[in-house]
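The feature domain 'G-protein coupled receptors family 1 profile' is assigned by TrEMBL to 38-287. Per TrEMBL, the feature transmembrane segment maps to 23-45, 57-75, 95-117, 129-155, 194-221, 242-260, 272-290.
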Amino acid sequence: MAGGNHSGVTEFVLLGFTDLQELLFVIFLLIYITTLGGNLGMIVLIKTNSQLHVPMYFFLSHLSFLDICCSSSITPKLLSGLLAERNIISFNGCMTQLFFFAIFGTTEAILLAVMAYDRYVAIREPLHYVVAMSRGVCVQLVVGCYAVGSLNALVHTSALLRLSFCGPNLVNHFYCEIPPLVLLSCSDTWLNEMMMATCAVFIITTSVFAIVVSYACILLTTWSIRSAEGRHKAFSTCTSHLMTVALFYGSAAFLYFHPFSRHTEDQEKTASIFYTMVTPMLNPFIYSLRNKEVRSTLRRATNKLLSCRYSHRSRSNHTEAGITCHSGVIRRNKSDT
């Protein structure tokens, strides 16, 4: 990857954040640990509880997996850079980071649209939901999401590899992203700019359109339900997804609809923090706090864990008491003798 007409630059310097680096390191480390713990916990909870083996939670487990991968492709390098004098990344490492982040980010955008369609099917055909969204259909939808994400990442990475980078090599960002890299190229970047704008607009607008259409159909379906309680129960399953969509697409739209502005670097970094770290951290909490089934399953799992620990401690105390009592009897027998 490092060969060819870009050999003038073999590494990049990620400028990232220049102030309060120690404080930011602690904050980002806590966010990353929370992201890993929350999303891994969500995956384990879904995999180990048969009540959650339905299409909605199948997609949710993949959303948690994508959040882990998306955050892990950015945060470890960011944390190491905050502790170093210069955050240096090789050309190959930069392209690799960009490639995998593009895969996970694009896949998550499409998966959110698939999850909206899943909610529509669940509300429209509740009695045939499991049949309509069978295991095979769910797997095909998820594979399609990953395929589109991989194709998008391959297109952009290949387009960047054809550019020449003659210097400077200072990337005004905390990770390798297309807009700041394109600004450093000494080649004609018109094709890259058009490809990035076209792909971003196509993926975001089509995904948002699918989400809007799905929720429009959901509203029409719930409107036909006579009882207000039934309408509330039907639509309450969608609130967690809507919050996740708002967080994800809000920051993504800000980043990719104004990609080449030279006057909003700080705003773009702030939006990138939400896009790459804050949103993956919040998603499992949004679903666990807003979803009744996840809350009840988590409560049962917690109670089971606590009861197991309590029973183990009780058995240990009884064992220690028995040993103490037995020792006391032996001592009394010896004294009597």
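Cβ atoms here come from the backbone N, Cα and C positions, even for glycine.
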Tertiary contacts of the transmembrane segment (194-221), defined by C-beta under 8 angstroms and 6+ residue spacing from its ends, are 106, 109-110, 112-113, 116-117, 119-120, 123-124, 148, 152, 155-156, 159, 178-179, 182, 234-235, 238, 242, 245, 249, 252-253, 256-257, 259
Averaging pLDDT over all residues of the domain 'G-protein coupled receptors family 1 profile' (38-287) gives 86
Spatial neighbours of the transmembrane segment (23-45) not adjacent in sequence (6+ beyond its ends, CB under 8 Å) are 17, 52, 60-61, 64-65, 67-68, 71-72, 75-76, 78-79, 82-83, 277-278, 280-281, 283-285, 287-288, 294, 297-298, 301
